[in-house]
């Protein structure tokens with residue numbers, strides 16, 4: 001008896017048994033209905049754009065790992081999430097080569113140069129999109145109406161623009177509710193917004209499905225509920241206040257909440273764990289900054305939408321939020337640490 | 001967030017590992033057979049090791065003094081069996097180091113009667129006499145820490161003990177010794193509390209019990225003696241509620257100051273098994289010869305709660321209960337804070353609360369370590385409200401001094417909740433254990449330099 005040697009290990013000897021790729025996998029599950037609705041409402045165009053962005057992200061991650069002679073990290077699903085998110089934030093008739101460039105830049109400059117998963121300062125999908133917005137301002141603001149009859153029979157010509165060529169857009173294009181409001185003063189009903197009967201980025205139009213995906217992740221304890229709540233509540237409060245002051249000039253807070261990329265940003269972008277703060281109080285501050293900045297940009301800037309820049313800015317200050325805001329350690333008084 | 005803390009009778013954060021207590025909770029305590037040889041290390045408590053007062057070849061009766069306490073932070077050691085001192089020399093210990101100790105060969109046909117000493121009268125003895133009696137009985141914290149109980153009970157000058165807390169939490173998975181002791185030794189427990197109230201000067205005692213031992217709480221509740229100011233409080237199950245600081249917070253909604261002891265908020269916490277042992281031994285003036293241990297884990301055949309002589313070799317214990325072929329790891333204590341054993345020739349010590357045997361398939365291959373994704377699960381688990389994520393990053397850079405100075409490393413009591421929840425499988429508490437050692441060593445070196 002007992003001929004073999006025993007292993008030794010340092011306690012604890014039992015684990016919860018949930019791993020990082022489990023969390024990432026579940027984010028993918030939560031995104032799939034949003035992708036599905038995007039394809040349902042915008043047809044093959046959206047599917048091609050999302051698939052291209054995803055392929056670009058996963059390939060870039062794999063190639064960069066191989067180039068730096070490391071084990072590939074694509075199986076942790078994080079590049080897949082970046083790709084899906086990038087695709088969902090692009091207009092459904094976006095040229096595929098541009099989407100591909102966005103994916104490459106998002107992963108390479110947004111994530112890999114910082115050291116890969118866990119070290120990125122900014123949300124990689126939004127880095128990719130920000131570059132696209134700066135480089136291709138026309139293509140990225142040319143929208144397409146949802147639920148066209150021919151969406152499953154034809155593909156918009158702009159999608160297949162040759163690389164390095166400017167796209168030619170078809171005559172039909174649909175203004176998003178935010179640009180319609182900004183430039184023409186037209187508001188859209190909340191019901192249409194919530195259930196995605198509108199034009200917009202491929203994945204931002206159905207607020208209800210996005211929220212359900214978020215609720216799934218929150219219920220499985222794989223997402224901080226504080227961030228989306230903080231973003232949405234702060235955006236609602238600021239826009240509500242403005243609406244109370246002058247309802248002729250400012251749109252209703254419900255319009256603000258359900259239009260544009262706020263829901264997608266609040267639920268799936270701002271909640272990127274790596275680029276957000278870690279303490280509960282820090283999360284409230286971070287979410288609050290995003291919500292308020294979004295409304296400020298939407299109302300007073302030249303841009304119709306501000307979710308992307310708000311999140312990127314909040315990403316930038318998130319390490320500083322963690323430096324300043326710390327948990328009060330058990331048995332000590334709360335100390336404010338000098339910056 | 002205090003805003004969302006609806007449960008008053010608990011502490012913040014913590015985890016809910018599977019309890020794994022069902023297999024042994026219903027099994028009454030059974031006497032374990034005496035081993036042919038007892039191996040007794042002298043360093044089995046925190047403080048100065050005991051000094052051997054017997055010689056090789058000497059015959060001793062069960063309960064006789066084998067080693068005396070050296071100074072205040074030390075306890076004596078008593079013979080766990082009647083037998084003959086075969087050898088005095090170095091014995092293996094769980095840390096891997098050898099320690100001075102005694103090999104005691106058991107008389108095979110002895111009746112193993114226990115020697116009686118000078119009884120301590122619970123009604124008339126003074127606090128000092130009780131504390132002395134507790135030290136003389138060799139009593140240390142039986143929950144696992146093995147800190148000399150008389151030192152813990154001594155209320156410092158200028159402080160007052162208002163509440164005595166009896167710790168019946170037993171939050172470690174698998175362990176059911178305290179549960180059984182509460183069900184079977186109620187009179188010992190209440191006798192122990194009587195001594196402890198007197199020794200600390202506390203006006204009242206609270207027994208804290210987790211809700212998964214409701215039967216024990218009911219049983220004790222039915223047997224509270226008249227005129228003994230004891231109340232029983234059942235708390236929601238959560239690890240690590242058995243930690244002193246957490247239990248004080250759960251019961252009294254007070255926080256023990258950082259790096260401080262419960263007495264600073266007027267509390268002394270004593271483990272329930274220790275309390276029962278005081279109540280069992282002091283009326284007879286005896287010393288500790290044995291303790292109750294849960295033997296469990298997937299690799300054990302005859303699981304149960306056993307009363308085992310201190311010094312029984314682990315090999316003898318495992319041979320008696322039977323273990324799987326595929327035995328891979330053996331732990332002394334619970335799965336969250338217990339220590340893995342490398343050598344089966346070590347023996348049961350006073351602080352051993354459990355022996356767990358895991359087989360190859362239970363331990364499994366070590367999981368892939370991912371980078372920290374800042375999910376915050378460790379912050380939501382840490383009962384001391386540290387930032388294990390940040391501490392883990394600093395530990396990787398060996399920034400131990402910064403960890404201690406800016407991030408309260410030394411408040412970590414190594415409960416392991418952070419490592420338990422980490423989805424990236426980062427060995428956080430293992431880093432902190434190492435970091436704390438280094439910091440302590442550096443602090444000691446600094447002190448020496450100043451003294452020179």
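Placement of Cβ uses the backbone N, Cα and C atoms for every residue, glycine included.
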Among A:5-22, A:23-40, indicate the range for which TrEMBL gives the feature transmembrane segment.
A:23-40
Among ranges A:188-206, A:207-225, A:283-301, whichever one TrEMBL labels transmembrane segment
A:283-301
Stated TrEMBL location of transmembrane segment, expressed as one of A:152-171, A:252-271
A:252-271
For the transmembrane segment (A:283-301) and the transmembrane segment (A:23-40), check the count of CB pairs under 8 Å (sequence separation 6 or more) and say whether it reaches 3 or more.
no
How many other Cβ atoms are found within 10 Å of the Cβ atom of residue A:176 (FMN phosphoryl threonine), counting all protein chains shown?
24
I need to check the long-range neighbours of the transmembrane segment (A:23-40): which residues 6 or more away from its ends have a CB within less than 8 Å of a CB in the stretch?
46-47, 50, 76-78, 80-81, 84-85, 87-88, 92, 196, 202-203, 205-206, 209-210, 212-214, 216-217, 220, 222-223, 264, 268
